[in-house]
Amino acid sequence: MCLSPWYQDKEEVVLWMNTVGPYHNRQETYKYFSLPFCVGSKKSISHYHETLGEALQGVELEFSGLDIKFKDDVMQTTYCEIDLDKGRREAFVYAIKNHYWYQMYIDDLPIWGIVGEADENGEDYYLWTYKKLEIGYNANRIVDVNLTSEGKVKLVPNTKIQMSYSVKWKKSDVKFEDRFDKYLDPSFFQHRIHWFSIFNSFMMVIFLVGLVSMILMRTLRKDYARYSKEEEMDDMDRDLGDEYGWKQVHGDVFRPSSHPLIFSSLIGSGCQIFAVSLIVIVVAMIEDLYTERGSMLSTAIFVYAATSPVNGYFGGSLYARQGGRRWIKQMFIGAFLIPAMVCGTAFFINFIAIYYHASRAIPFGTMVAVCCICFFVILPLNLVGTILGRNLSGQPNFPCRVNAVPRPIPEKKWFMEPAVIVCLGGILPFGSIFIEMYFIFTSFWAYKIYYVYGFMMLVLVILCIVTVCVTIVCTYFLLNAEDYRWQWTSFLSAASTAIYVYMYSFYYYFFKTKMYGLFQTSFYFGYMAVFSTALGIMCGAIGYMGTSAFVRKIYTNVKID
């Protein structure tokens with residue numbers, strides 16, 4: 001969308017009606033005129049073009065028909081009349097019972113108003129009929145809009161209700177660049193708890209990094225000393241010696257993972273999600289994306305498509321190193337893994353949205369546009385990345401030879417089993433981000449605008465460090481127990497963060513929101529599942545990449561016969 005225009009005196013200012021819906025269900029929205037409101041008399045209006053992000057977010061701008069001109073005050077004027085028959089009254093009563101409120105836009109500034117209210121007994125229902133607009137201007141630009149709803153009229157069947165409006169223009173000192181500041185909530189986002197949680201997570205990082213460094217440096221030094229002593233023994237002593245530890249699995253540690261095709265596709269997708277997260281947060285820190293409708297979603301889609309070579313490079317090169325032959329199939333799975341998951345969930349929720357006649361129902365044209373992005377942008381760029389990855393880093397340059405016959409895995413204590421390590425691995429990464437999850441959830445599912453992207457960047461860095469530290473420790477214990485199945489274990493122990501995030505989303509739904517109804521509930525749990533899975537794949541890829549570097553390092557430094 002273009003920047004807000006400079007207005008001439010008496011130039012037309014458009015009041016767009018967006019959506020209406022229950023206050024507690026932020027995503028359950030309907031067209032404003034799905035309620036039997038009447039339209040103003042003014043008809044001529046330039047056409048409005050929506051962006052991809054707006055179409056996906058259910059923005060439904062329709063002209064209000066109100067005649068508003070720049071710096072031209074309007075006294076209370078009736079603009080239309082509602083003929084309140086039984087059906088229309090029932091529609092308004094249902095809306096008032098469910099606390100419906102509507103959203104409008106003037107010059108891209110959002111305005112909210114409530115449909116009506118009930119009396120204390122819940123027997124009589126009243127409609128607000130008078131929209132009192134107060135618009136602030138600085139030079140020739142609109143910088144502030146306030147709406148006051150007045151004119152409470154009781155809903156009585158078979159009567160006529162007159163809808164009216166007034167416009168008051170006033171000079172304002174607010175700078176155009178700062179006009180969105182009044183919608184932000186510093187007392188919520190910059191609360192002491194937010195700072196404390198970041199500090200807490202930061203201390204956890206220092207503690208973990210210190211712990212990992214101390215344990216691994218001291219333990220590895222002992223291991224290296226023990227292994228070098230064993231090198232000096234003759235064959236007879238070595239056979240009688242008590243050989244144990246991670247060195248024993250040197251012939252199997254670089255064996256390809258089971259299901260390498262799926263594994264490499266997940267790693268590639270995780271690297272891409274990380275790249276997207278990083279770039280979008282940086283862009284959001286530089287640009288105030290919250291000032292334009294749908295711009296965050298549009299930016300994320302564009303960045304995801306543009307970073308497809310990252311997916312192809314990391315997924316393709318890993319698959320080649322693991323001796324994979326079906327690289328085209330791997331490329332297709334890698335390219336469509338995340339889009340298929342997101343589009344599949346959206347398609348399912350879309351059916352419910354269509355059934356509800358909600359504005360969140362994605363238009364067919366938008367679906368075609370998203371499919372075109374997948375086939376004509378994401379897939380070709382993924383192919384480029386895959387070819388580069390296979391040619392530049394697809395050679396298996398492991399520090400140890402891989403034995404022809406896999407070594408049997410010895411019995412070990414129950415808490416050393418990969419399944420237990422996987423379940424426990426996600427606790428600390430989740431602990432480092434769960435306070436930030438509360439702020440992110442509240443901005444998405446409630447009526448807050450998230451703007452503290454510096455915090456989000458810090459949390460992303462903390463999450464990466466904690467994830468890598470935890471997976472390295474888990475992998476070290478696993479290899480020490482002479483179990484060489486570290487690839488999937490390192491990925492899944494980090495990815496299990498997703499399970500804890502999804503469990504937290506249940507707590508948030510039942511204790512922090514008042515959502516209800518099939519549409520909002522399916523929307524919430526459907527997209528929370530997508531978010532948690534994407535976060536899990538990203539954490540898994542970060543965990544695997546860190547652990548892979550660690551494993552390569554320790555086996556490079558030890559002498560192997």
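Glycine is no exception: its Cβ is also placed from the backbone N, Cα and C atoms.
Taken verbatim from TrEMBL:
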TRANSMEM  193-216  transmembrane segment
TRANSMEM  261-286  transmembrane segment
TRANSMEM  298-320  transmembrane segment
TRANSMEM  332-356  transmembrane segment
TRANSMEM  362-384  transmembrane segment
TRANSMEM  419-441  transmembrane segment
TRANSMEM  453-479  transmembrane segment
TRANSMEM  491-511  transmembrane segment
TRANSMEM  523-545  transmembrane segment
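Here the transmembrane segment (419-441) does not lie next to the transmembrane segment (298-320) in space: the count of CB pairs under 8 Å, restricted to residues six or more apart, is fewer than 3.
Relative to the transmembrane segment (193-216), the listed stretch 453-479 leads the set 261-286, 298-320, 453-479 in CB pairs under 8 A. Across 298-320, 332-356, 362-384, 491-511, 523-545, stretch 523-545 shows the highest tally of CB pairs under 8 A with the transmembrane segment (453-479). Where the transmembrane segment (298-320) meets the stretches 332-356, 362-384, 523-545, the count of C-beta pairs under 8 angstroms peaks at 362-384. Contact count against the transmembrane segment (261-286) (Cβ pairs under 8 Å) is highest for 523-545, out of 332-356, 362-384, 523-545.
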